[in-house]
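Novice: Could you have a look at this structure, given as structure tokens, before my questions?
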């Protein structure tokens, strides 16, 4: 009679698990659709009646256990009975009653299921060297024979024919001509008492009657010949004994599979080969109600279900997860039951599948437990071996687990939370079980109408995504209905959607793609973006065109989140479908003015608050600006961040938004300058300390410089280059340059003016002190050295500049140094102009200029050389160089200048003289051969001249002993040939100086008045042959010297010498040179 255990009710579980709906989510109407009906999971608990039947079956199995235990099994029956009592939750009194009742039941028929597999290495009894083996086997019931007695030993050597009745003897087939026969035949051998029963197997060689001629034809060796003689002595048709196997049943395990040696009856041939035997103790006619009414595999399935349920429950009670391994007690009981019921491996696997697949739907344990029975069923699947009822039960288990698995997949976000570390592996294991199940031949034959698994999973994921979205929407539903509250709720919902998509992309998509090739992320994004788009669009319409600041802030956060959501989506392609969020920025257009005004208002408040809190104290030794500059930098960075967040897609509107951002930023910069100066005045008025006022002014200038650096980075922070590329096709050429860059340059110009004004104020405080110290240099006593005279000035600058360097950033300090340097040069020029006649004062000013240059350069830390060496500096340096020189030094410089002029002159428009000059060091004689002059100017009225040449060694103070020399005068000659030689007795040392020269003055002799000047030529003595080397000079080379005139506008050196009225030598030199200049001016060509 069938019970609830044997006929599980079948239901359309797939339809309950998931409804296939093809329409898109965009067609969903609010309110959200009703959730799909949950899968009805069949309970794994049994009714009391079913439990009693199963408990009886388990007790019966333990009580009628046969054979030795397996190595890892429990040996004691009491331990197994206690385990069953705990597993079935039976009270002690009830357990004892059930135990007594089971013991009173009729014992089963004990059977030994023996399988003769094969033999190897048996004796060859035939003439051919082979045998025709067969086996006789049975069970001998021994009564009253002591173990180890002589009778027992004799009986073990006895053959089956003599010990077991013929009706209880079983025989295998005969295998012809082989020494390694294979039978694989199974026999069921009944016995009553395992303690006195033994298994006997005899192996025989079948002997058939053959003629001597036939045997001689099969003869192969001498051993075969001996076999012929031996057989001739025995009876015709008598089989040969090959060996036997005798085993006590009580020594066998419940299942045995071994090779046993074939024993001889005599010691003639001790090695007779081996026989492969399999044994299994089974029951017939079990007296339990379950065994009489239900299929064996069904009872085993229910027993397995009960024990596994107990194992899982025990682990959960101990706060540990079950690792899919059964306890030794459970393994022993299940092994005994399957063996006693003679369940095949296939039916055991099927029972395991039915039990585990049902328990998985109600208990928590690894889904990997299902893989082993799936693999076993697939490996052993033969459809014909199952009855219709079994096929239906297996098909129901497939559809039930599939429906349950799809329901878990639909709710995977809550069933497999990422807060639990093993959730991804558990989901992956479930998917692999479903994949393996749907790939089975059994599944394909029993569930032919099932849709492909990937399609079912995709639809489950799609519906699960929609259900999750509506659940989140309900979770964020505001308590108070209002546009602001609705916006906050929608923002939270969008952020949850993004978080879910991030999880899908990082974790879940990899699992679904690897197992089923399903792109979960793309599917979830497409579904969720339609749902989000409809709600956002409705919300922006409800917000209207006039957006308040609070609502505008909420809309901006929502816009930024949607922008991030769109960027999170799959990579766009040309063939992708239109998304609901495409062009979503247009929904927020009315809110743009509110966003821009909010950004400026917040920034302005921050600037005002930062200035008000600023005490104008540097932040540290390396940071010379104050707190408001840092706050301002953060404020402008926030504006740039807001602009990047906005990143408006429309190019033309994006350009206008950027213009507004730049305009507001520049306006805030100028506002800050006004506020920080006012703050400085406010604090200075309170403290009334000039030094602290200077400190604060330094901080103000530094803050402005820091602000200038921030403003200068606007093109990078607001990505002007990218904007220019985007608006290139929309704006006119140069419009961006004329607009944005004009705004930026205007702001930078305003900041530069403010900085220069502040630095100028600081410079003015120092300029007075610098001018005072420079003026004091003039009044210092003559006995004081110039280096000592400038010490007060240098100490003043060292203190002040060190202070400024400490309190100003490098850019402002450099600007201050530039202003001070310019002012210092101006003061030095004025003082130097008033002291031209005093070489002492000029010397001090010269030393001061040199030290000031070093001071302002500061070993590279101050102004660079190109900033120091201005035109004013160069001119002043030259003037002071001359003014500080003595009269003789000035004369020397004059001749150096004329020598340089002579070297640079190539034109012979005044004529030229040709000379040979050499120096004989041994005699200290300078030899001058004046050869000729040519192309002289006609200075007489007759168109000719009366030239002669005056030779002098200059300067005179270097050659005081040497008198001038003259050549003869040539009448009316413009190309005179003098050919005269002059020798000057002079030492070599003065001749080697750079300013020492031979002055050749060509004059036109005038009898009535002063001689006229034809021109001058300056020959440097340091280049004369023989002057520098010790060897006597050879033939001196000719030198052609163009004639020159003195400078027409006067020479500054002469003017300086002229100002020294009390120096007679200077006045005499100036008088001579003025005379020459006057003569030159009268006849200049």
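Placed from the backbone N, Cα and C atoms, the Cβ positions cover glycine too.
Worth saying up front: this structure is predicted, and the values here are computed from it rather than measured.
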Novice: From 24-46, 47-69, which range did Swiss-Prot mark with region 'Disordered'?
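Specialist: In Swiss-Prot, residues 24-46 carry the label region 'Disordered'.
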Novice: Looking at 149, 548, which one is marked phosphoserine in Swiss-Prot?
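Specialist: The residue tagged phosphoserine by Swiss-Prot is 149.
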Novice: If I take the alpha carbons of residue 126 (Ca(2+) 1 binding site) and residue 940 (Ca(2+) 3 binding site), what is the distance between them in whole Å?
Specialist: 166
Novice: Which residues, in sequence order, are found in the same chain with Cβ within 8 Å of the centroid defined by the Cβ atoms of 126, 132, 205, 207 at the Ca(2+) 1 site, excluding those residues themselves?
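Specialist: Residues close to the Ca(2+) 1 site, other than 126, 132, 205, 207: 125, 130, 131, 133, 206, 208, 239, 240.
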Novice: Counting by DSSP, what is the helix, strand and coil composition of the domain 'MHD1' (554-674)?
Specialist: 89 helix, 0 strand, 32 coil
Novice: Take the domain 'MHD2' (785-892) and average the pLDDT across it for me.
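Specialist: Computed over the domain 'MHD2' (785-892), the mean pLDDT is 81 on the 0 to 100 scale.
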Novice: Identify, in sequence order, the residues in the chain of residue 1006 (Ca(2+) 3 binding site) that are 6 or more apart from it along the sequence and have a CB within less than 8 Å of its CB; answer 'none' if there are none.
Specialist: 946, 1012
Novice: Could you put numbers on the helix, strand and coil content of the domain 'MHD2' (785-892), residue by residue per DSSP?
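Specialist: DSSP classes over the domain 'MHD2' (785-892) add up to 91 helix, 0 strand, 17 coil.
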Novice: For the Ca(2+) 2 site (940, 946, 1004, 1006), what does the 8 A shell look like? I mean other same-chain residues with CB within 8 A of the CB centroid.
Specialist: 939, 945, 947, 1005, 1011, 1012
Novice: Tell me the Cβ contacts of residue 205 (Ca(2+) 1 binding site) under 8 Å, same chain only and six or more apart in sequence, or just say none.
Specialist: 123, 125, 126, 131, 132, 133, 239, 240, 241, 242
Novice: Look up residue 939 (Ca(2+) 3 binding site) in the DSSP assignment and reduce it to helix, strand or coil.
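Specialist: Its secondary structure by DSSP: coil.
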Novice: At a 10 Å cut-off from the C-beta of residue 1004 (Ca(2+) 3 binding site), count the other C-beta atoms across all protein chains.
Specialist: 21
Novice: At a 10 A cut-off on CB-CB distances, which of the binding-site residues 126, 940 has the highest count?
Specialist: 126
Novice: Can you tell me the CA-to-CA distance separating residue 940 (Ca(2+) 3 binding site) and residue 207 (Ca(2+) 1 binding site), as a whole number of Å?
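Specialist: Residue 940 (Ca(2+) 3 binding site) to residue 207 (Ca(2+) 1 binding site), Cα-Cα distance: 172 Å.
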